[in-house]
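Copied over from TrEMBL:
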- 1-311: domain 'Major facilitator superfamily (MFS) profile' (DOMAIN)
- 20-38: transmembrane segment (TRANSMEM)
- 44-62: transmembrane segment (TRANSMEM)
- 126-145: transmembrane segment (TRANSMEM)
- 151-177: transmembrane segment (TRANSMEM)
- 189-210: transmembrane segment (TRANSMEM)
- 222-246: transmembrane segment (TRANSMEM)
- 258-277: transmembrane segment (TRANSMEM)
- 283-304: transmembrane segment (TRANSMEM)
């Protein structure tokens, strides 16, 4: 979805539209957090089928990606899709020519298939986005998302109060991120988000460390509460941006392969964290959150040293500067 949204939007609103997706995901999760506080988990699972069915129906009404249409040589449909997206009276000639020319330039260097992504010129962007996704997941997002209620209870806080507050926090921060991404850029939001994830994981670890030794019994639940809210808020601010970078950094001939690799690596590490979280908390409740904090710190360093700024440029301009054909 982030790749599709990036391909159909213009450069001045691309970041905003992609973060709206993250905001919608946050709203959906927040809504289910609240509903899940009142209904049985089986009822919750059945309710979750409704949005999926609606999506299946609505997906038939969206236009195809103009860049994909250019890739497969369907130029008339490309122009029709652009007119559908920009408006019937919009002048899409320059945009259509830029897309066609870029796709034509890729054909000469494309070997075809997934092997294209392993060319030398794509190594740096691939390592960057895969690294961000792996480190984000190893930083504990699945643990915080799946076990928020359990973390609140183990810290001595009502799960219902905690989850409702968490839903409100994600909504407010998500709206903030949507309004500022195309003004401030991707790098600042990613840096603030990863720094917030690092600090909040550490703060949550401190709260459990105090709880384990029965120090500051009144204050440790407050620290856990603040840490969890800050963590999910930080993720709402920039957690979806690595997917935006996948759509921005890779040209159409390798974007699918890059997205598949990132999806596999991200989901694999996310599954490991989600599956083993309960076992790791038995080892050390504080230690696992300090470990999450270390991975988030590594992600901050990766972003600061490897991630380019991409705001205000077309996809073709970004990809030409990141992966020049002469490499």
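The backbone N, Cα and C atoms fix where each Cβ goes, glycine too.
Note that TrEMBL annotation is computational and uncurated.
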Subject >> Close approaches to the transmembrane segment (126-145) from elsewhere in its chain (Cβ under 8 angstroms; 6 or more beyond its ends) >> reply: 29, 117, 151, 190, 197-198, 201, 228, 231-232, 235, 239, 242, 245-246, 249-250, 258, 261-262, 265-267, 269-271, 273-274, 277, 288-289, 292-293, 295-296, 298-299, 302-303, 306-307
Original post:
With pairs 6 or more apart in sequence, are the transmembrane segment (151-177) and the transmembrane segment (258-277) linked by at least 3 Cβ pairs under 8 Å?
Top reply: no
Original post:
Of the listed stretches 20-38, 44-62, 189-210, 222-246, 283-304, which one has the most C-beta pairs under 8 A with the transmembrane segment (258-277)?
Top reply: 222-246
Subject >> the domain 'Major facilitator superfamily (MFS) profile' (1-311) [mean pLDDT, rounded to integer] >> reply: 85
Subject >> Other parts of the chain folded back onto the transmembrane segment (283-304), taken as Cβ under 8 Å at six or more residues beyond its ends >> reply: 128, 131-132, 135-136, 138-140, 143, 154, 187, 190-191, 194-195, 197-199, 201-202, 204-206, 208-209, 211-212, 227, 277
